[in-house]
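Presented below is the structure to which this report refers.
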Amino acid sequence: MSEQQIDWDLALIQKYNYSGPRYTSYPTALEFSEDFEDAAFLQAVARYPERPLSLYVHIPFCHKLCYFCGCNKIVTRQQHKADQYLDALEQEIRHRAPLFADRHVSQLHWGGGTPTYLNKAQISRLMTLLRENFHFNTDAEISIEVDPREIELDVLDHLRAEGFNRLSMGVQDFNKEVQRLVNREQDEEFIFALLNHARDIGFTSTNIDLIYGLPKQTPESFAFTLKRVTELNPDRLSVFNYAHLPTLFAAQRKIKDADLPSAQQKLDILQETIVSLTQAGYQFIGMDHFARPDDELAVAQREGVLHRNFQGYTTQGDTDLLGMGVSAISMIGDGYMQNQKELKRYYQQVDERGNALWRGITLTRDDCIRRDVIKALICNFRLDFNAVEQQWGLHFAEYFAEDLQLLSPLAKDGLVDISEKGIQVTAKGRLLIRNICMCFDAYLRQKARMQQFSRVI
């Protein structure tokens, strides 16, 4: 089977298109508890002291509200609010950094919100703060999310001078009517200029985000967006399924249900996306992601060493992830932790305690085993029973007897091939990888929570 081959089977896609987790973690965030306290955090930090460190910093501010957005953000044009936020971040960074004094940072990512909401002086202040408090590898990956409406070319130069070497840009759709209906109108020519300039000044990796399922999108209109994106030629592409949840996200109430594409249209758009991007030379990595065949994500997947965390797919698997800022999530040791998600409470707690720890979970042995199984399937589309048995001292067929029974109907439908040695996800199964992973999710079996997740397609 070709590494990027997907066998589009509409009947199977419709059969299995029910709600499920995205598995940026296992257990998922639904299992986080507010009983998780500082002592558990410190225990997690001490678990694997030899691991390199990946840093995530959340910048929640945006100048404008995008109606589709479900992120943790604060829409304001009052720039001084960013200074107040940086004051709190400084407290948190100075409180957390000594715990990782012997670690080296191999990865830093700024997400949001809109990280480029910060002006040049604020960007420099935060980078200086991070470099003063953490030990960065000379070849560290330093990435940032960019809104093309909220950046000038000289800011890109400033980011590069501050050490940023990777760029992710939210484009979503090139169609003007779609942009207007989601309150995200942008200059197409400037997007091309921005990406080309990023390459010219030494950004080594570029990513474009698209969203399908937005109001007034059609397979025909999105085909134009795909054509323009392949002309942009980024190293990576993320094509997300829009989840319309107006009861959860107030901004989405501005989107009329009648304007949304039908379920069949969304499937048509997805099929068109996969065909167009693979014909343009991109490899389907999984879930929503595509990459050039020579991109390190694609290479890692072919070698069976791709990983996944709260930030998506990564080649850096054996690292601890420390998240800082409001709502930021960490993956440290055998635990997951999340900061306060309301800004007022974040400020209050950082001021009182130096950190903003809100909730988390310490993984059990069973959690860790299932985490490894799900990660192998979702990242590399295959699972070696012997590798799991050797690492965890168990007999796979016995330990996962119930799970393999749940997987059996999916095997009969041709989504996976199960042998004595392992599981291989087929070309039909790649699009439905979440369904396959759900067979190994013990928490789903305990609770009827299916309605809390987005549909798999």
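Using N, Cα and C of the backbone, Cβ positions are placed for all residues, glycine too.
What Swiss-Prot lists as domain 'Radical SAM core' is 47-280.
The Cβ of Glu145 (S-adenosyl-L-methionine 1 binding site) has Trp110, Gly111, Gly112, Thr114, Pro115, Thr116, Ser168, Met169, Gly170 as same-chain neighbours under 8 Å, each 6 or more residues away in sequence. What Swiss-Prot lists as S-adenosyl-L-methionine 1 binding site is Tyr56, Gly112, Glu145, Ile329.
Per Swiss-Prot, the feature [4Fe-4S] cluster binding site maps to Cys62, Cys66, Cys69. In the structure as shown, the Cβ atom of Cys69 ([4Fe-4S] cluster binding site) sits within 10 Å of 20 other Cβ atoms.
Here the Cβ of Arg184 (S-adenosyl-L-methionine 2 binding site) has 23 other Cβ atoms within 10 Å, regardless of which shown protein chain they belong to. According to its DSSP assignment, Arg184 (S-adenosyl-L-methionine 2 binding site) is coil. Swiss-Prot lists Phe68, Gly113, Thr114, Gln172, Arg184, Asp209, Ala243 with the feature S-adenosyl-L-methionine 2 binding site.
Closest by Cα distance to Gly113 (S-adenosyl-L-methionine 2 binding site), from the binding-site residues Cys62, Cys69, Ile329, is Cys62. Other residues of the chain with a Cβ within 8 Å of the Cβ centroid of Tyr56, Gly112, Glu145, Ile329, the S-adenosyl-L-methionine 1 site, are Val57, His58, Ile59, His109, Trp110, Gly111, Gly113, Gln311, Gly323, Gly325, Ala328. Of all the Cβ atoms in the protein chains shown, 24 others lie within 10 Å of the Cβ of Gly112 (S-adenosyl-L-methionine 1 binding site). A 10 Å radius around the C-alpha of Ala243 (S-adenosyl-L-methionine 2 binding site) takes in none of the binding-site residues listed as Tyr56, Cys62, Cys66, Ile329. Within the same chain, residues at least 6 positions away in sequence whose Cβ sits under 8 Å from that of Asp209 (S-adenosyl-L-methionine 2 binding site) are Ser168, Met169, Gly170, Val171, Gln172, Leu237, Ser238, Val239, Phe240. Annotated pair Phe68 (S-adenosyl-L-methionine 2 binding site) and Cys62 ([4Fe-4S] cluster binding site), C-alpha to C-alpha distance, rounded: 14 Å. For the [4Fe-4S] cluster site, the Cβ centre of Cys62, Cys66, Cys69 serves as reference, and the other residues of the chain with Cβ at most 8 Å from it are Lys64, Leu65, Tyr67, Phe68, Cys71, Lys73, Val75, Thr114, Arg184, Ala251. On a Cα basis, Tyr56 (S-adenosyl-L-methionine 1 binding site) lies 25 Å away from Arg184 (S-adenosyl-L-methionine 2 binding site).
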